[in-house]
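A.B. asks: Annotations for this protein, taken from Swiss-Prot, read as follows:
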- ASP137: active site, proton acceptor (ACT_SITE)
- LEU20, GLY21, THR22, GLY23, THR24, TYR25, ALA26, THR27, VAL28, LYS44: ATP binding site (BINDING)
- 14-270: domain 'Protein kinase' (DOMAIN)
- 280-348: domain 'MIT 1' (DOMAIN)
- 375-444: domain 'MIT 2' (DOMAIN)
Amino acid sequence: MAGGGCAPPRLDGFVLTERLGTGTYATVYKAYGKRDTREVVAVKCVSKRSLNRASVENLLTEIEILKTIRHPHIVELKDFQWDSDHIYLIMEFCAGGDLSRFIRMRRILPEKVARIFLQQLACALKFLHDHNISHLDLKPQNILLSTPENPQLKLADFGFAQYMSPWDEKHVLRGSPLYMAPEMVCRQQYDARVDLWSVGVILYEALFGRPPFASRSFAELEEKIRSDRAIELPSRPPLSPDCRDLLQRLLERDPLKRISFEEFFAHPFVDMEHMPGPESFCKATNLVVEAVKKDQEGDASAALSLYCKALEYFVPALHYESDARRKEAIRTKVGQYISRAEELKALVASKSKNLLQQGNPAREILKEMAKDKPRLCAALEMASVAVAREEEGKDDGDTLELYQQSLGELLLLLAAEPAGRRRELLHAEIQTLMARAEYLKDQIKMREAQSMGKEALADSVRSSCTLQ
């Protein structure tokens, strides 16, 4: 956003124009290169007079880190210069503004849009984590968007960043209180996991329109941060089970109980495997080749599963593709694959009716034999609820979650069950439930793929992500 005040400083090779923002010891300007290319950049001008020892250390850290890393979701430091009055960081220009403004203009973001941004942020954090770098000041204001339309997230402002191994601990207060982990504010020891808390706050703000510790005064903010109460998630808007689980695990006050980096990167809501990228289309086409082969062999169930898996990559491929002609060609292919998957679904559905009838007599015998095992009874009852919901047509994520919870418990019980008739029945019941859960999972994926393909989700996400 342009601002008034004194004229921008002079920088050799560049013309500084509008002021984009002002911080504690720096002002950022939009600038144009004087060469033929007229390259557009952002120039961070740091007044030497404003620097104290701590800010000098922060600046040197930022330059050192940004000079040595290159990543598509981290703002690039192109060069740096200095004169008698200023130090200049010449950086990649991001025309889409910052994530804070993006959220504020929309009040809240749809979960699907928030997930795309989260995947990109996770991608940047994994790169930093692999290089033992912690940002320590993650907040929406430090997350820039590359363009107004179909933006790519760019992590910026590494003034507080540190080279930190997973076992390193710090004591110095860094970052912005609204987004800082409780262990930082309380001046206890902290480590790299503080960045995961900040990710949770950013995701919470994107989904609900405000950070969890939003306050009218610093005293109120401090009380909320120092409280032992668990973070409560609003009931509206409703979240998917995976999204809710991730938020709760990120916003765990106790860093020892908080989700780890490895668990975060592997979490199903983050789902880095299916984030839009240059390899999405290749992975999708490889799966289609396998699907066609299984289809020709007459294995309808395997073919359907492979088509569904391929569609999970085609959707991010659509989102990643910027060329309109290629995008339309992909969309046409996706439509054809969805049509074939629909035909296979009908074939598999007729076979699945037999599956729905399986296990009923054996299940009743197993329940009778489990009366002296309350834990087994409870797990079988949960499985029965899942089966009943599915037979009533409630073939949704809640039913699948019931299947998964009951199977998790039953598998543990099977491992401890001695040899005998009950163990045989339990093993057979688990096999039946696993088959039903797998079929239900394919049905859910199929519906999602249909929605994505037929309604051109990629374009709807793009319009949701476009700055007006």
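Any Cβ shown, glycine's included, is placed from N, Cα and C.
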A.B. asks: As a test of reading the model: what is the averaged pLDDT for the domain 'MIT 2' (375-444)?
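C.D. replies: A mean pLDDT of 88 is what the model gives the domain 'MIT 2' (375-444).
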A.B. asks: Give me the non-local Cβ neighbours of VAL28 (ATP binding site): same chain, 6+ apart in sequence, Cβ-Cβ under 8 Å, ordered along the sequence.
C.D. replies: ARG19, LEU20, GLY21, THR22, ALA42, VAL43, LYS44, CYS45
A.B. asks: If one measures from the C-alpha of ASP137 (active site, proton acceptor) to the C-alpha of ALA26 (ATP binding site), what distance in angstrom results, rounded to a whole number?
C.D. replies: 16
A.B. asks: For ALA26 (ATP binding site), which DSSP three-state class applies?
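C.D. replies: Reduced to three states, the DSSP call for ALA26 (ATP binding site) is strand.
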A.B. asks: Around the Cβ of LEU20 (ATP binding site), how many other Cβ atoms lie within 10 Å? Please give the count over every shown protein chain.
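C.D. replies: Its Cβ shell of radius 10 Å holds 21 other Cβ atoms.
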A.B. asks: Let's see if you can do this one: DSSP helix, strand and coil counts over the domain 'MIT 2' (375-444), in that order.
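C.D. replies: Grouping H, G, I as helix and E, B as strand yields 61 helix, 0 strand, 9 coil.
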A.B. asks: Applying a 10 Å Cβ distance cut-off over all chains shown, what neighbour count does THR22 (ATP binding site) have?
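C.D. replies: There are 12 of them.
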A.B. asks: Just to confirm: which same-chain residues, 6+ apart in sequence, have a Cβ under 8 Å from the Cβ of ALA26 (ATP binding site)?
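C.D. replies: LYS44, CYS45, VAL46, SER47 - these are the non-local Cβ neighbours of ALA26 (ATP binding site), listed in sequence order.
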